[in-house]
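Copied over from Swiss-Prot:
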type	residues	note
BINDING	Asp149, Asp151	Ca(2+) binding site
COMPBIAS	22-50	compositional bias 'Acidic residues'
CROSSLNK	Lys249	ubiquitin cross-link
CROSSLNK	Lys271	ubiquitin cross-link
CROSSLNK	Lys273	ubiquitin cross-link
CROSSLNK	Lys284	ubiquitin cross-link
CROSSLNK	Lys307	ubiquitin cross-link
CROSSLNK	Lys314	ubiquitin cross-link
CROSSLNK	Lys334	ubiquitin cross-link
CROSSLNK	Lys340	ubiquitin cross-link
CROSSLNK	Lys348	ubiquitin cross-link
CROSSLNK	Lys351	ubiquitin cross-link
CROSSLNK	Lys352	ubiquitin cross-link
DOMAIN	120-204	domain 'PPIase FKBP-type'
REGION	1-68	region 'Disordered'
REPEAT	221-254	repeat 'TPR 1'
REPEAT	272-305	repeat 'TPR 2'
TRANSMEM	390-410	transmembrane segment
Amino acid sequence: MASCAEPSEPSAPLPAGVPPLEDFEVLDGVEDAEGEEEEEEEEEEEDDLSELPPLEDMGQPPAEEAEQPGALAREFLAAMEPEPAPAPAPEEWLDILGNGLLRKKTLVPGPPGSSRPVKGQVVTVHLQTSLENGTRVQEEPELVFTLGDCDVIQALDLSVPLMDVGETAMVTADSKYCYGPQGRSPYIPPHAALCLEVTLKTAVDGPDLEMLTGQERVALANRKRECGNAHYQRADFVLAANSYDLAIKAITSSAKVDMTFEEEAQLLQLKVKCLNNLAASQLKLDHYRAALRSCSLVLEHQPDNIKALFRKGKVLAQQGEYSEAIPILRAALKLEPSNKTIHAELSKLVKKHAAQRSTETALYRKMLGNPSRLPAKCPGKGAWSIPWKWLFGATAVALGGVALSVVIAARN
């Protein structure tokens with residue numbers, strides 16, 4: 001495995017197993033120069049210096065001393081002759097994001113005419129992972145993932161699109177583009193920058209979801225769900241939500257292939273799991289409306305799903321809807337009376353709801369200008385009772401007067 005440190009001089013050793021193309025070129029140049037120098041010395045013994053440039057014929061130095069500048073010039077030119085040959089793989093580091101935290105260097109270029117993968121294609125890579133000190137911690141000969149789906153660490157998702165098929169590259173990545181503050185136990189410690197040696201083997205188009213069989217859909221959705229779980233464990237809730245969304249898309253997309261009843265039931269169970277996990281990720285991100293929608297979708301399929309009931313109650317509580325959250329948590333507790341988590345959450349919400357009602361009562365009293373007491377049933381009833389009585393009385397008197405006038409007019 002190659003070292004993560006950037007070579008300080010052009011003559012520094014290259015990674016093990018990588019042909020030292022640059023070193024071979026330098027050695028070839030030196031050998032050619034030495035051979036030509038020997039031939040020049042033999043020719044100089046036989047020549048009368050008629051081959052030298054006109055500058056050496058000025059006559060100031062002796063003839064023996066004039067031979068040295070010409071020989072050095074020819075040696076310099078001879079050493080430069082091999083350089084017009086096709087250049088080997090570039091040694092320069094490409095700063096992918098412009099912040100110096102994610103860099104790529106080509107070790108072995110892809111064959112002529114090879115193409116680069118695009119988002120949505122399924123790629124296969126050979127991956128060797130090392131720490132900054134050169135300690136190899138992981139090797140995966142056949143790592144398969146969908147480009148752009150966040151199935152792997154961001155360092156791979158961002159660097160592989162810049163590689164040709166058949167290319168081998170070195171990628172150095174800061175921990176934020178790898179496994180972050182959690183690391184990956186037991187081999188990758190927290191906040192570890194990594195050095196990745198990547199060989200892009202193949203790149204093919206992704207599957208057509210409509211043409212997948214039931215078992216292929218289950219396998220694809222399970223892979224995306226597992227990727228989401230890995231992101232969730234690293235507290236990367238944005239990527240986790242993205243993976244769960246992709247799993248749900250694989251399950252719910254239209255199908256042109258018939259499925260058995262067992263496969264449909266299996267997909268439904270998998271959809272419920274993904275929706276529950278998606279709601280958990282959205283709750284961590286404070287996306288309450290989206291989390292509420294995910295929980296409601298679960299409850300449409302399974303009205304007694306305890307996880308969905310509990311999370312829906314938490315979402316409503318976060319929105320301040322205690323009067324709606326408490327009945328939902330009570331329903332969840334009825335399904336699982338021994339659940340201490342639901343007990344604690346319900347007790348907390350009841351206290352918050354009581355405090356909320358007390359605050360609202362004090363606010364009503366302040367608005368009505370009567371802080372001493374508040375009518376039990378309808379705040380504000382006393383303030384409007386007298387005016388309405390006067391209004392009804394005046395209306396009755398007016399109607400009575402009209403009726404009396406009609407009667408008198410009829411008699412006349």
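Quick reminder: no glycine exception, Cβ is built from N, Cα and C everywhere.
Feature map: Swiss-Prot annotations on the structure.
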{"residue": "Asp149", "record": "Ca(2+) binding site", "DSSP (3 states)": "coil"}
{"residue": "Lys249", "record": "ubiquitin cross-link", "DSSP (3 states)": "helix"}
{"residue": "Lys273", "record": "ubiquitin cross-link", "DSSP (3 states)": "helix"}
{"residue": "Lys284", "record": "ubiquitin cross-link", "DSSP (3 states)": "helix"}
{"residue": "Lys307", "record": "ubiquitin cross-link", "DSSP (3 states)": "helix"}
{"residue": "Lys314", "record": "ubiquitin cross-link", "DSSP (3 states)": "helix"}
{"residue": "Lys334", "record": "ubiquitin cross-link", "DSSP (3 states)": "helix"}
{"residue": "Lys340", "record": "ubiquitin cross-link", "DSSP (3 states)": "helix"}
{"residue": "Lys348", "record": "ubiquitin cross-link", "DSSP (3 states)": "helix"}
Same chain, 6+ residues apart, C-beta under 8 Å of the C-beta of Lys271 (ubiquitin cross-link), given in sequence order: Ala221, Ile248, Ile251, Thr252, His301
Spatial neighbours of the repeat 'TPR 2' (272-305) far in sequence, C-beta under 8 Å, 6+ residues away: 221, 225, 228-229, 232, 237-238, 240-241, 244-245, 247-248, 251, 311-312, 314-316, 318-319, 335
Cβ packing number for Lys249 (ubiquitin cross-link), 10 Å threshold: 14
Spatial separation of Lys249 (ubiquitin cross-link) from Lys352 (ubiquitin cross-link) - C-alpha basis, Å: 38
Spatially closest candidate among Asp151, Lys249, Lys273, Lys284, Lys314, the listed recorded positions, to Lys334 (ubiquitin cross-link) (Cα to Cα): Lys314
Recorded sites compared (Lys284, Lys307, Lys340, Lys348, Lys351) - the one with the fewest other Cβ atoms within 10 Å: Lys340
Secondary structure tally of the domain 'PPIase FKBP-type' (120-204) (DSSP, helix then strand then coil): 12 helix, 40 strand, 33 coil
Local confidence of the prediction over the repeat 'TPR 1' (221-254), expressed as mean pLDDT: 94
Sparsest-packed among the binding-site residues, when each Cβ's other Cβ atoms within 10 Å are tallied, from Asp149, Asp151: Asp149
Per-residue Cβ crowding (10 Å cut-off), top of recorded sites Lys273, Lys314, Lys334, Lys352: Lys314
